[in-house]
Amino acid sequence: MSAVSSIFDTPIPSAAKSSPSGSNKRPLAQNGHHSGEKQSKKSKKASKKQLIDLLVQEHARELSQNDSSASTVSTPKKKKKKNASASDINTSASKNVNAAKKKPKEGLKINLQNSKKKRKNFEVLNSSQQHADDALVETSFNGESLKNNSNHSTPVSKKPKKKNKQMPHPLAGTPNLAIKQEPQTPKANGMQRTSAQDSIVVGREKFAWVIHPTPVEDFMINYWEKKPLLIQRKNPSYYSNLLSRAKIDEMLRQNNIEYTKNIDVTSYREGQRETHNPDGRVLPPDMWSFYEEGCSIRMLNPQTYLPGVYEMNVKLQEFFHCMTGANFYLTPPNSQGFAPHYDDIEAFVLQVEGRKHWKLYSPREPAEMLARVSSPNFTQEEIGTPILEVVLEPGDLLYFPRGIIHQASTVPGHHSLHVTMSVYQKNCWADLLELFFPHALAQAAETHFDLRRGIPLNLHQHFGIVHSDSETPARKQLISHIKSLVDKVFSEDAIDSAVDQLAKRFQHDALPPLISNTEQSTTVYGSSFSHNPDGTVSLRVPFTENSTVRLLRCNVLRLVSEEEKLRIYYHTDNSREYHEYEPNFLEIDQDAALGVELLVKMYPHPVAIRDLPVEDKIEFAKSLWEKGLIVVHGQ
């Protein structure tokens with residue numbers, strides 16, 4: 001019987017540093033198969049793929065039968081929860097334990113390709129388990145949704161550019177943007193922790209809290225990437241648990257926060273935007289002195305240090321399937337910190353303290369709609385007339401899409417503190433196709449002989465800026481031929497690969513998961529060690545073949561095929577600081593990949609270890625458990 005090589009089988013060199021390619025890592029075991037294994041490899045893989053399909057279909061039938069006899073849906077069967085246990089175990093870090101080197105076994109191997117010397121800190125939440133009955137809303141979008149019904153004029157850019165007059169602006173119905181709501185708290189309060197099994201549902205509930213009382217479905221259909229949304233709640237404490245001036249001061253005293261890296265000191269006076277960052281650590285007296293002088297304070301990564309912002313972002317990243325960022329802005333009374341500009345993110349402004357006067361402007365031209373890069377600073381003359389002016393008060397929210405020009409200033413007698421939550425940076429179709437075409441072209445060139453033929457000798461005489469207005473028969477014939485070659489580039493496999501690469505990018509961008517106290521007892525973060533009389537330490541593996549396992553989060557890992565290898569990229573070992581470490585990944589063989597495939601397709605429902613389509617089931621589960629990728633129920 002083949003076995004999984006434990007990730008602790010070989011000591012990790014202290015000087016090693018992880019890299020995406022893994023070229024400077026020493027694998028813990030080398031993948032290998034005997035010749036007899038090679039002959040039956042395809043048949044074994046086919047039979048195991050059939051087993052995966054049967055297990056998924058059988059589980060779907062069970063859920064369907066349960067749905068017909070129950071009043072609620074989207075929850076696993078209760079009898080599978082009897083084995084779950086909960087404890088309030090607080091752990092700030094898990095120790096790295098190096099076991100003696102074992103002889104590599106044949107068959108399934110999992111090779112560690114990351115040299116972290118210690119696990120990252122995970123915040124433990126005291127929470128009660130709560131079932132999530134909502135289903136993920138899937139909404140499709142197309143270009144027809146970008147309409148402009150307003151009569152606002154849009155100034156023309158000073159640069160002479162060709163303009164598509166048929167392209168509409170994305171702002172519609174601007175007089176009806178405000179939603180005025182009496183004080184009201186949604187059912188799922190923003191700081192109420194849940195341990196629902198589906199992380200996408202949990203993320204959706206958190207987003208519902210952010211934009212309450214606007215329903216998520218209504219927002220995605222009518223506002224997302226289309227037009228601004230203003231919510232005025234008359235509830236000053238709605239976002240108060242995210243941060244405050246007192247929490248900012250405490251954060252500065254307890255952490256080594258640095259200018260430029262973490263915090264910018266800015267001002268905007270008489271049409272000039274300036275940055276006043278000194279070098280070194282941000283000390284409270286210095287920062288408050290800048291503030292008293294009329295400067296704005298921007299923090300680039302509050303989620304790293306402020307638990308409330310981290311808790312919000314780590315849940316939202318599961319719903320949006322992309323990096324969720326945040327900045328906070330602290331502005332003194334009667335001042336402005338930034339010039340008019342537009343951003344390359346979907347922006348959600350959450351007003352926490354004070355008041356701020358916002359002005360929004362239409363994109364100046366169609367090319368700026370849903371912008372892929374942020375703009376330079378604009379002058380007041382370049383941006384025209386606002387399409388929305390509003391003063392945000394504590395508890396209010398303002399959303400606007402990428403490309404919407406904006407500026408904000410405080411009003412006399414009131415400071416302002418707000419959080420800007422951002423999503424969907426570099427996450428559009430163009431970004432996906434940038435990943436698609438290089439792989440698709442390389443793949444097609446191997447398959448299609450025509451793509452490898454040399455270009456015609458006279459190509460230069462028919463194309464280029466000099467010949468761009470030519471309509472010769474030769475040019476038309478060449479254009480037709482090039483179009484036929486482009487058609488051959490399309491490949492479904494290349495689309496799968498491009499989406500995998502986009503998801504792999506997310507694994508590097510993502511915040512590490514937030515582990516609830518319920519999950520503590522069922523993951524490696526709540527594991528225990530036995531201290532033996534001879535001075536050795538043994539890790540207690542809390543499962544058998546009768547135990548059930550599931551992924552910690554829906555998006556906790558991504559199986560990727562690259563460099564003729566299968567890799568699992570994951571983010572449980574990420575830092576809260578953006579890209580502090582290189583991407584984390586494990587190299588696996590095809591046998592292990594089938595096990596990962598089953599766990600992904602069954603999520604959020606558990607799988608019995610005995611049903612995993614791998615040779616050594618316990619060792620396979622143990623290797624994923626040791627990296628914090630699965631939760632286990634049943635001893």
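Cβ coordinates come from backbone N, Cα and C, glycine included.
Between the candidates His276, His321, His406, Swiss-Prot assigns the Fe cation site shared with His341, Asp343 to His406. Note on the domain 'JmjC' (295-440): DSSP counts are 36 helix, 50 strand, 60 coil. By a simple count of nearby Cβ atoms, those within 10 Å, the most crowded of the binding-site residues His341, His406 is His406. Cβ proximity to the Fe cation site centre (mean Cβ of His341, Asp343, His406, cutoff 8 Å) flags the following additional same-chain residues: Phe338, Pro340, Tyr342, Ala347, Ser374, Ser375, Ile404, Ile405, Gln407.
Long-range Cβ neighbours of Asp343 (Fe cation binding site) (same chain, at least 6 residues apart, Cβ-Cβ under 8 Å): Ala371, Ser374, Ser375, Arg402, Ser422.
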